[in-house]
Amino acid sequence: MQRLTISMDDQLAQDFDELMRRKGYANRSEAFRDMLRRELGEMTRATDENGACVAVLSYVYDHHERQLSSRLAEMQHDHHDLTVSTMHTHLSHEECVETVILRGTSSQVEHFAESVMAQTGVRHGRLNLIPL
């Protein structure tokens, strides 16, 4: 492991320490490593649409919306090569939340997630993509 030294102004150092405390890091090194990994992963994803990734797609939907449950299930079956796992939870009589684990290229995963989130009746969709 290499040791790096960085300099920053007092306010930035205080802000970094506060961020570190909020996130529960035990030390600055681990906080900085995680931030750098995230940034490098985002940079890789932005420049390599065919790069491999895993992702979590979560969304809330109204299961009374006409044929929406069937359409969502069909979309996952049509993309069985991307869909690793799905968890379905009933939130209320009307609302359900689904969490879908996806694996594929960044462009395939993003395209699938966008098409799911664009369905009428799907709300609060979020994609968390992790480049591999």
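Just so it is clear, glycine is given a Cβ too, placed from its N, Cα and C backbone atoms.
Small disclaimer: the values here were computed from a predicted structure and weren't measured.
As written in TrEMBL, here are the features:
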{"type": "DOMAIN", "residues": "3-41", "note": "domain 'Ribbon-helix-helix protein CopG'"}
{"type": "DOMAIN", "residues": "54-130", "note": "domain 'Transcription factor NikR nickel binding C-terminal'"}
{"type": "BINDING", "residues": "His77, His88, His90, Cys96", "note": "Ni(2+) binding site"}
Same-chain residues at least 6 beyond the ends of the domain 'Ribbon-helix-helix protein CopG' (3-41) whose Cβ lies under 8 Å from its Cβ atoms: 130-131
Most Cβ neighbours inside 10 Å, all chains, among the binding-site residues His77, His88: His88
Neighbour count (Cβ, 10 Å) for Cys96 (Ni(2+) binding site): 17
Three-state composition of the domain 'Ribbon-helix-helix protein CopG' (3-41), taking helix and strand from DSSP: 28 helix, 0 strand, 11 coil
Tally of residues which DSSP labels helix, strand or coil - the domain 'Transcription factor NikR nickel binding C-terminal' (54-130): 23 helix, 37 strand, 17 coil
Intrachain C-beta neighbours of His90 (Ni(2+) binding site), sequence separation six or more, cut-off 8 angstroms: Cys96
